[in-house]
Structures are given as C-alpha cells and as structure tokens.
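Colleague: Following this message is one structure expressed as structure tokens.
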Amino acid sequence: MIRARKRFGQHWLRSEAILAQIIAAAELHPGDRVLEIGPGRGALTRPLLVSGAEVVAVELDRDLCGQLRRQFDSERFQLIEGDILRLDLAPLGCNKVVANIPYNITGPLLGHLLGSIARPRRPAFERLILLVQKEIGDRLMASPGSKAYGALSVRVQFLATCEKVCAVPPRAFQPPPKVDSVVVCLRPHRTLPRVGSPQWLETLLKQGFATRRKMLANALKSLVEPEQVRQALLQLGRDANSRAEALSLEDWLALSEVLRQLQQN
C-alpha cells in the first residue's frame, strides 16, 4: 500500500460519513463531468463513478497514478498525471469540481479554479466541493468585521457564494493533519457584480488589506489622497475612519467606483 507523502501534502480521507456528505453536496447526475483534484488512493473516485458521472482525475504522484489506472477501468474515468496548477482546464469540459486540496496550494488553486475579479474564469464551474483547511474555509465565508474577513473573502464572494458543508476533524484522515478542516461548496455567480474597473478594485483590496489595522484613508494613501477616501466613505454612508475589514463587498464595489471617478477628474 502506498503511504502518504509529506512533500505532496497528502492526507488520505478515510471517513465514510464525510465522503458521503461530499458526494451529496456535489449533487451529481449522469452526464456531469467532474474534475477530481488529487484523487490519492481513490476514496472519492469510486463513489463519483457510482453516481454515473464522468470523472477526470488529476494526480501529481506517479506511483498513485499507476495504482489508480489498475483500480479504475471505466470509460467514464480519465486520469491525467501532472500538476493541476499547470493544466489548462477549459479543454477538459468539466462542469463540477470535487477536491481534497493539498493545503500548501490552496491559494493558487482557488485562483486557478475561480479566476480573479479582473479575469474571472469563464465558463465557470457549476459548483465546487472543496475540502480545505478550516482557517481557509473561515476566510472564504467570513463576514465584514470578523477576524477572518480579508481580501480573499471579498475576492471569492465577488466570484461565488460559499457555504459550509461539514466540519472534518483530523481523525478523519490518515495520517491525521495538525489542523482542523472543512468541506465548502462554492457556486460561481452566473452574473457577476458590476464594477467599472475590475483591476482598480483588485488594487484597492490588495492595498487596503495589506495594513488592515490602519484606517483606509491611510492604507490607501499611496493610491488616493486620504481626504478623498474619507469623503468617499462619508458619501457611501460609512464612517470616515473605517478600516478595510469593516466594508462589505457592496461597499468595496461602491468605494471603488467613487474613487475611480475622483481619479479621473
């Protein structure tokens, strides 16, 4: 039996209850084409195939690829040996994603799967069921004013809705990780919020949350005059001394547009 390799961030999910909740959350039907990232030893692959869906599995570990090819002999199963971050996803034709994500690539992988505010992925996946570190899950679902709320929260919520499916304790894995995990369901928006300049919004978010304890007027001073930021916040009905973490997605969209227009005048 192949052992989990630390350099690949491998932890085998072995809880049948958690596996069942992941499959249920994916709402699979015959005709679905599922991108499975990091199939490992096939614990999720088998129920995915049982559902009647087609499965495109991407695995970096060569030894595991050999085992998976022997294990799954189905016309509905395609295995790609390689790095998911280097793979062009569009030609695969998948409409859903199911993944037990290696925690060391979570950030880049989210960008690869969802795109960005400036360059959203199109066509978008219908839904993504992702097993992630609890800290990341908290950030994806965070509300304004909370400790977990940050630029990642705003970016992801611009692109998709995010809901918790279930908590996953360390004992659900072999070997158990040192952190708690969570399964989340991401459903990309069919219609994205309107924004005058997506790149400008990205720039504001990066700068605003880089020094999150500073008032926005000071955090953004390399981009906009502090007094203009204060006036813009007041115009939007917000406190002139607001910090980045106090603003909702809607606030950021409105602030971005007001400041963009000020910059043009």
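Any Cβ shown, glycine's included, is placed from N, Cα and C.
Just so it is clear, the model here is predicted, and its values are computed rather than measured.
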Colleague: HIS11, LEU13, GLU59, ASP83, ASN100 bind S-adenosyl-L-methionine according to Swiss-Prot; which of GLY31, GLY38, GLY42, GLY115 goes with them?
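Modeller: For S-adenosyl-L-methionine, Swiss-Prot names HIS11, LEU13, GLU59, ASP83, ASN100; of GLY31, GLY38, GLY42, GLY115, the listed one is GLY38.
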Colleague: Pairwise over HIS11, LEU13, GLY38, GLU59, ASP83, ASN100, annotated as binding S-adenosyl-L-methionine, what's the top Cα to Cα distance to the nearest Å?
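Modeller: Farthest-apart Cα atoms in HIS11, LEU13, GLY38, GLU59, ASP83, ASN100 are separated by 20 Å.
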Colleague: Within 10 angstroms of the C-beta of HIS11 (S-adenosyl-L-methionine binding site), what count of other C-beta atoms is obtained when all protein chains are considered?
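Modeller: There are 22 of them.
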